[in-house]
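*Asks:* Under the heading ATP binding site, Swiss-Prot lists G38, P39, S40, G41, C42, G43, K44, T45, citing sequence analysis as support. The domain 'ABC transporter' annotation in Swiss-Prot covers 6-236 and is backed by sequence analysis.
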Amino acid sequence: MEKKDINIVNVNKSFDGVQILKDINLKIEQGEFFSIIGPSGCGKTTLLRMIAGFISPDSGAIYLGDENIVNLPPNLRNVNTIFQKYALFPHLNVFENVAFPLRLKKVDEKTINEEVNKYLKLVGLEEHSTKKVSQLSGGQQQRISIARALINKPGVLLLDEPLSALDAKLRQNLLIELDLIHDEVGITFIFITHDQQEALSISDRIAVMNAGKVLQVGTPAEVYEAPADTFVADFLGENNFFSGKVTEIINEELAKINLEGIGEIIIELDKKVKIGDKVTISLRPEKIKLSKNEIKKTKNYMNSAAVYVDEYIYSGFQSKYYVHLKNNEKLKFKIFMQHAAFFDDNDEKAIWWDEDAYITWDAYDGYLVEVESEKK
């Protein structure tokens, strides 16, 4: 298969006077598994359909390799698309559904047999070749659509929320298979999803979109651990947000922040700040330790606070705690912990709701997500 990268340059698109895409610039490397995520209506599917050739941009360019494909019809773009709906032919069996693109090209029968069997084996359906598609599960039908797309040997495979119609267990299994298939064929995959966990678990890089704009591009770890702004931080998983002012620059790595309702804490300096700057801190629920007894600080950059447990929710592999500060009921924290962490080292009593407790977190676990300098 011929590998192609995608370069999207200054792309804009409006419908009925409403701008859907705003100055989109993206470079997707050949062979990447690249995910585009964002809330409904953010423009991610419009962008995918634009790459496929179903929609034309109002301005800008889309390069497939060195060629600007904006004016090329879909059938000449060397790009295949897999949609949420499988679009299979119910009157054809599995073999003929996968063979259909080759029959359109009038490929000889020997090659068709070799290629269809090759791609059915790739998606694990070689033993189902004579079955009607109606006899197969939703996950199997989606794998047929993947095989049919790949048999065309596209330079880029576009996947428009292909797993959203499946149940959670099947979705997870097919996600793993998609990753293995991508490793096998080595072409560029562009994956559209609203499921953040899907994107985080499978992607080489992720673009986060909102309101027609690309807010951040990075590896899963980069966008999760170092979000560009509060929207990205909030969209990718759960978070706690707090506002305050910089009171002291300790060194190049650490600063003291006076957080509203908490008091002075220590935070890692991920951005340049100066004393007096207003800041927003994000703190992931899984980064916080909850204890029945106050934990003695072993490091001078640990933060702690006394809290009251409002709610406890058991959710299988972890438990979720919702607490508020003892001295400020309006300031609430979400805390997610693995079950081994439910017990205090001293008395091994579980923490439930309607109890006093203590929270601690490392200065390096919080993230300085936004900075607003004081106006002079």
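Cβ atoms here come from the backbone N, Cα and C positions, even for glycine.
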*Asks:* Out of G38, P39, which of the binding-site residues is least crowded by other Cβ atoms within 10 Å?
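*Replies:* Among the binding-site residues G38, P39, the sparsest Cβ neighbourhood within 10 Å belongs to P39.
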*Asks:* Taking S40, G41, C42, K44, T45 as the binding-site residues to compare, which has the smallest set of other Cβ atoms within 10 Å?
*Replies:* S40
*Asks:* Looking only at Cβ atoms, how many others are within 10 Å of the one on G43 (ATP binding site)?
*Replies:* 22
